[in-house]
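K.L.:
When I checked Swiss-Prot for this same protein, it listed these features:
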COMPBIAS  1-11  compositional bias 'Polar residues'
REGION    1-24  region 'Disordered'
COMPBIAS  15-24  compositional bias 'Basic and acidic residues'
ZN_FING   22-53  zinc finger
REGION    52-77  region 'Disordered'
REGION    176-198  region 'Disordered'
COMPBIAS  181-197  compositional bias 'Basic and acidic residues'
ZN_FING   194-225  zinc finger
REGION    222-248  region 'Disordered'
COMPBIAS  223-241  compositional bias 'Polar residues'
ZN_FING   241-272  zinc finger
REGION    265-288  region 'Disordered'
MOD_RES   Ser278  phosphoserine
Amino acid sequence: MSQVDNRNSSAAKRARTDGGRREDDWICPSCGNVNFSFRTTCNMRNCTQPRPADHNGKSAPKPMQHQQGFSSPGAYLGSGGPPPVYMGGSPYGSPLFNGSSMPPYDVPFSGGSPYHFNYNSRMPAGAHYRPLHMSGPPPYHGGSMMGSGGMYGMPPPIDRYGLGMAMGPGSAAAMMPRPRFYPDEKSQKRDSTRDNDWTCPNCGNVNFSFRTVCNMRKCNTPKPGSQQGGSSDKISKQNAPEGSWKCDNCGNINYPFRSKCNRQNCGADKPGDRSNGSPSRAPEENDQ
């Protein structure tokens, strides 16, 4: 007949990896598996050995085995207490930084304290939490913007976090917040207009220099004559073939064979006084 574990309802669940054994845990005499105290049978697969009858739940605890070179944390602390903080030396045998360890317990604390509590310049021996000895100016002191006090008078990272490691100026500056980079004001306030751009006298629209008429919708006002000489028309006055004519409405220069202005939204007729010079009329006049 298989036995069923009678788990105590008041016992809190505990993971296997939460630390070492507890006092009331028991070892299976068959397979050597360590079982929680609430188990009545071994939970090892294919074992189910019942708990020994002589188990009184108060066996001596076994300290955890530490690797060589590691210092033991001392007496076993229950799950309710916080883990110890090693202030007097490195818990791994040798110091990690600069070959020197942190200040030991019960050492007079010199210099300004960054905390608002009065410790009477001495911390109690064996205290787990205490302010680290910090070399350098106290935090939030007056000074230059990027001086020894850090950014905006903030202490350097070694003072703020108590890392206990030496940092060069480059490393400390890398951990600081970078100031915002603002480009030159001239690049931000760059003028949107160019020297050769022109303003429409009718609607006030600013046009690019290459435009000959205003590009504002339903405007099409020609470029003022004072600025038209430098514009790049399809047919300039210098390169216009003989017999070309200028539109009286928009000022566009048209080829001789055109009878109407080819400017968009213009379509004005060719002036009558110049119609006789058109090549299309020449054959008819010669025929007569």
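Every residue, even glycine, has its Cβ placed from backbone N, Cα and C.
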K.L.:
Residue counts in helix (H, G, I), strand (E, B) and coil for the zinc finger (241-272), per DSSP?
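P.N.:
Its residues divide into 1 helix, 6 strand, 25 coil.
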K.L.:
To what whole number does the mean pLDDT across the zinc finger (194-225) round?
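P.N.:
PLDDT averaged over the stretch: 87.
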K.L.:
Counting each residue once, how many in the zinc finger (22-53) are helix, strand and coil under DSSP?
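P.N.:
For the zinc finger (22-53), the helix, strand and coil counts are 0 helix, 6 strand, 26 coil.
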